[in-house]
């Protein structure tokens with residue numbers, strides 16, 4: 001009868017450890033790359049490519065050690081607050097060619113220290129809050145957005161480190177000053193133009209209308225007062241004319257003494 005040899009404890013331990021390491025490696029591979037993105041080797045760093053995937057929102061399972069994140073050419077329209085706050089090693093974030101309409105003060109919270117490039121070009125951004133991007137030290141691309149040029153935008157832009165390769169493509173889609181529409185905004189501002197010195201035309205018009213209304217009321221009151229006095233004077237004159245005239249008094253001449 002043949003004998004069955006049991007494996008040595010050392011071999012069993014090595015085999016078990018090997019299986020566990022292999023399992024952990026497989027689990028890590030499955031966790032590092034969100035679906036349906038690609039995560040190729042990027043100079044030994046974690047790079048996540050999610051371009052052209054039809055995404056409508058930012059994936060929630062992006063690895064925390066991601067250095068490069070490309071979310072361009074998707075259908076993302078909304079960026080929730082703190083969507084990237086766990087990506088402390090992120091250096092480049094590409095959100096271009098999406099449908100992003102607005103960014104909030106806390107959209108890029110947690111990225112102030114390490115981010116080097118933020119691409120928001122070719123979106124639908126109209127307004128940029130002053131505190132939304134001002135804390136970032138990254139170069140920022142904002143070209144080809146339907147920006148509404150106003151004083152708040154000018155103040156926000158002065159706080160940003162704009163990408164020099166695309167800065168001349170930042171133009172006003174609408175503006176408080178019509179002469180800015182369709183023209184490179186930064187060039188105009190560098191030439192001395194200002195969006196913060198525009199008179200508040202709406203307020204001025206309202207003030208003029210109010211003043212005109214008061215003036216019209218004063219004129220109407222004066223006209224009414226004059227006409228009323230004229231009418232009273234005419235009635236008084238007619239009353240006087242209607243009174244019977246008194247006969248002239250004659251002193252009687254009596255006989256002398």
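In case you wondered, yes, glycine gets a Cβ from its N, Cα and C as well.
Unlike curated records, TrEMBL annotations are generated automatically.
Here is what TrEMBL says about this protein:
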DOMAIN    32-68  domain 'LRRNT'
SIGNAL    1-34  signal peptide
TRANSMEM  205-226  transmembrane segment
Worksheet item: Mind checking which residues reach the domain 'LRRNT' (32-68)? Cβ under 8 Å, same chain, six or more beyond either end.
Response: 74-80, 83-84, 86-92, 94
Worksheet item: With DSSP helix as H/G/I and strand as E/B, how many residues of the domain 'LRRNT' (32-68) fall in helix, strand and coil?
Response: 1 helix, 11 strand, 25 coil
